[in-house]
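What follows is a short report on a single structure.
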Amino acid sequence: MQQTYKPNTSALKDGAPKATVDQKQLLPCKYRVGRVLGGGTYATVREAVHIETNKMYAAKIMNKKMMEKKQDFVKNEIAILKRVSYEHPNILHLVDFFETVNNLYLITELATGGELFDRICAKGSFYEADAAALMRTTTSAVKYLHDNGIVHRDLKPENLLYRSKDPNSDLLIADFGLSHFYEDSQYYMLMTACGTPEYMAPEVFRRTGYGKPVDMWAIGVITYFLLSGYTPFARPSQVEVIEAILANEYTFNDPCWSGISETAKDFIKKCLENDPSKRLTAADALKHPFLSEKRPATSNLLPNVRENFNARKTFRTAYNAVRAFNTWKKLENKH
């Protein structure tokens, strides 16, 4: 069966890499897809090579039938990427988007440098100044999103990718699948609970409405994670995570925090302010001494960060195994 190609070339800005060739060309002749990079309930992300130019991209492939009631999310993601692509060096670029009879395709640049935390762990050292530089870059990109009326809603280390393996590669904010337009002038408050629980702000769980401050809460959680190797509200179960977030229960009591400056802790506290109206804005965060001033020399944080991360990962694996076993025993006893 011949597949219909519906080009949307308005996504491409002047000067952007052109993935589109002959507009009459039919899919699947335009791109050749390769290995799977990731996926979820509604989409698969694969490597894609443009046949004409041989350039590599990432293709987010969404089955129309599976997305039947979720197509607004796709349109929203495309609209957001169209607004911000190519205007900021630290935001993943949209290259093209189109549809076939069965699928929707979203083509973006291929970030080959890996995830933020993996890059950190592969290094021989990591200092507070390195964490500050990374968060300065990320906060600058978040400010750009907010200035353009966009809330990301799913900021976390897994969505911070390096453009290439080059040591000086740009760090990119990726995955705008949960992002949303938000105009302050409309006094519109988002209500949908979405994101990754450990990085979600308390107002999201309260269902009282939320906006741009949720991204700054996530900035605080990410900063805490980079400096320690664990998130501030890490708990054995998701229910306990949510309870800790709502109660704003976190500390700097672990020995790993003894070598972290009070300036860094103050930055985290102001991002993790329970009241969103008192939380740092992206603009204010960039003026905070942690991001705006040169950080003092500190000891290498990497050994502690690695140790804490691996210890909690092992604990969580064991906890999940015990929980699965107990669930299985309950089911077995019912029969």
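Using N, Cα and C of the backbone, Cβ positions are placed for all residues, glycine too.
Predicted, not measured: the structure shown is a model, and the values here were computed from it.
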To which residue among Thr192, Thr223 does Swiss-Prot attach the annotation phosphothreonine? Thr192
Looking at the candidate ranges 10-34, 160-184, 310-334, report the one that Swiss-Prot labels region 'Calmodulin-binding'. 310-334
Neighbour count check, CB within 10 A, over binding-site residues Leu37, Ala43, Val45; minimum at Leu37
Measure from the CA atom of Gly39 (ATP binding site) to the CA atom of Asp154 (active site, proton acceptor) and give the result in Å, rounded to a whole number. 16
Confidence summary for the domain 'Protein kinase' (31-291), mean pLDDT rounded: 89
CB within-chain contacts under 8 A for Gly39 (ATP binding site), separation at least 6: Val45
DSSP says Ala43 (ATP binding site), in three-state terms, is strand
Starting from the Cβ of Asp154 (active site, proton acceptor), draw a 10 Å sphere and report how many other Cβ atoms land inside it. 22
